[in-house]
Amino acid sequence: MGQKKNGCHCGKGGGIQTPEKRFFPLDGLERIARDSAYEQEGKVQFVIDAVYSMAYALHNMHKDLCPGYIGLCPRMSTIDGKELLTYIRAVNFNGSAGTPVVFNENGDAPGRYDIFQYQITNRSTEYKIIGHWTNQLHLNVEDMQWANREHTHPASVCSLPCKAGERKKTVKGVPCCWHCERCEGYHYQVDEFNCELCPINKRPNANRTDCQLIPIIKLEWHSPWAIVPVFIAILGIIATTFVIVTFVRYNDTPIVRASGRELSYVLLTGIFLCYSITFLMIATPDTVICSFRRIFLGLGMCFSYAALLTKTNRIHRIFEQGKKSVTAPKFISPASQLVITFSLISLQLIGVFIWFAIDPPHTIVDYGEQRTLEPENARGVLKCDISDLSLICSLGYSILLMVTCTVYAIKTRGVPETFNEAKPIGFTMYTTCIIWLAFIPIFFGTAQSAEKIGVVMFTLQWMANLEKSSHVTLHDSNTIPPSTGNTKDNMMYIQTTTLTVSMSLSASVSLGMLYMPKVYIIIFHPEQNVQKRKRSFKAVVTAATMQSKLTQKGNDRPNGEVKTELCESLETNRNVADAYLNKGDFEITGEKSIENLKSNSLVDIHAVA
């Protein structure tokens, strides 16, 4: 061993000799250090302890049998093996490993075990002693290495306690063990084994141990979805007010009189209301605001299209009657026109008051519209209790007036260009129809998309909770389908913005096409706003009927026949014109002669108040 350790060999005289021929005596105190490269065979200590056991047994036996003798006495000259075995079993000393060497009554040494652990370090892997067992366990827990390569020991339990907001899901067949499952969605922990659904107006708190009220929101004035329609409405109100002031100031001028002052003011009132509804739709809902919404939502459009329908109907009846009879049509005076207009408007008001009686206006908080998958994003929407169907019913009558007015605008498209604004009204109605045709799919498309998203999200959540349902008590009969918060939030605002912008655009089209040209002439070209010489109304009907008959029959009859029939019609329409002229409802301004009516350059004809 020494030769291997020191790289030398034993010399004479009980010493060792190094390779350099140097001699060192041995004193018996040489030891193998722990940092030595020499590793002793693990079973050598048992050989050493066995030799010492025999030596101690003989020593003790000599002391008992040969007291005072040096060497063997006669008593020990013949040793009985059983007697020696008794002394061997009685030895008790510390062995070479530092542990006691003793034997039991059966002659067996007590069990002693070293406990090794296979540990992985950054550089190598090795077995390391972490304890031993001699009659009892001696374990150095600090020296142990766990699965996470740390020296902190895991808890040796079947299941750990669940955190707040988690329920215990017991393991089948092992009632004392469980898995912890978090209360999902809008559920909160009621006890250690159950989760329950929060009420419709509440959501679970952060640790899901209780429910708290859901915040309530509405469309705010500073929202981009409100700023755009409000900006358009303010510009429209300013422009409408300017037109009204201009018409009032120049109320007796030919252009204002010729535009039909009474119906013009009714139409301008409707345009003003269409712009004003924007502020009611964005204002904080309460009973008063909801009442005004119901009243004015369709009233502005009803004012506008009732006046336009009355105008176009009057034009149509005048020229159709002129082609068939010499009798003037009824109800073409300004007073009659106002009666017809307000009769149409009264139907809208009657419908609104019936609505009030059946379902009084009130506010609601819709918690389903903003019920998201993440409860922390859930919001309640404060709004008037007006469904999409009720909204369309409120606007339906006005839309019917608009469609009817469009039909009359198409029928009167062939009358003289400047007669009672027939063609500007036609262009106005065509544009308005396009606006509302775009409004309907956007408005209802967003509503249906939100519902579809809610159904899909609810289905996914239901499938996720299906596996848990056998162990959780859920009272969710009133569960509202969840959805994505931002999506439905935007969809709610899109509907309001689309409605208000559509109404403002409709009002802007009417204002721009029917009144801005007149205001432009009144302010910038006052020389054209003068009354010129009156002409007989005969020219009006004659020109219209003559042009119509030329169009219908000029292509399929000989030229001579057309001229003959046209002369006959001219005489008949003069009689009709005399009847209309007696009403005193029209005047003709312009310098063109009646002979020019045979061409496409027709005279300017306006209604006289």
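The chain as shown is numbered from 1 upward.
Positions of Cβ are set from backbone N, Cα and C atoms, glycine also.
Just so it is clear, the model here is predicted, and its values are computed rather than measured.
Note on TrEMBL: of 84-107, 492-515, the range annotated with the feature transmembrane segment is 492-515. With a cut-off of 8 Å on Cβ pairs spaced 6 or more residues apart, the transmembrane segment (331-358) and the transmembrane segment (263-285) reach 3 or more such pairs and are scored as touching. A contact links the transmembrane segment (263-285) to the transmembrane segment (492-515), because at least 3 Cβ pairs that are 6 or more residues apart lie under 8 A. Long-range neighbours of the transmembrane segment (422-444) within the same chain, counting only residues 6 or more positions beyond its ends whose Cβ lies under 8 Å from a Cβ of the stretch, are 308, 311-312, 315, 388, 399, 402-403, 405-406, 409-410, 412-413, 415-416, 494-495, 498-499, 502, 505-506, 509-510, 513-514, 517. When each of 291-310, 389-410, 492-515 is scored by its Cβ pairs under 8 Å to the transmembrane segment (225-251), the top-ranked stretch turns out to be 492-515.
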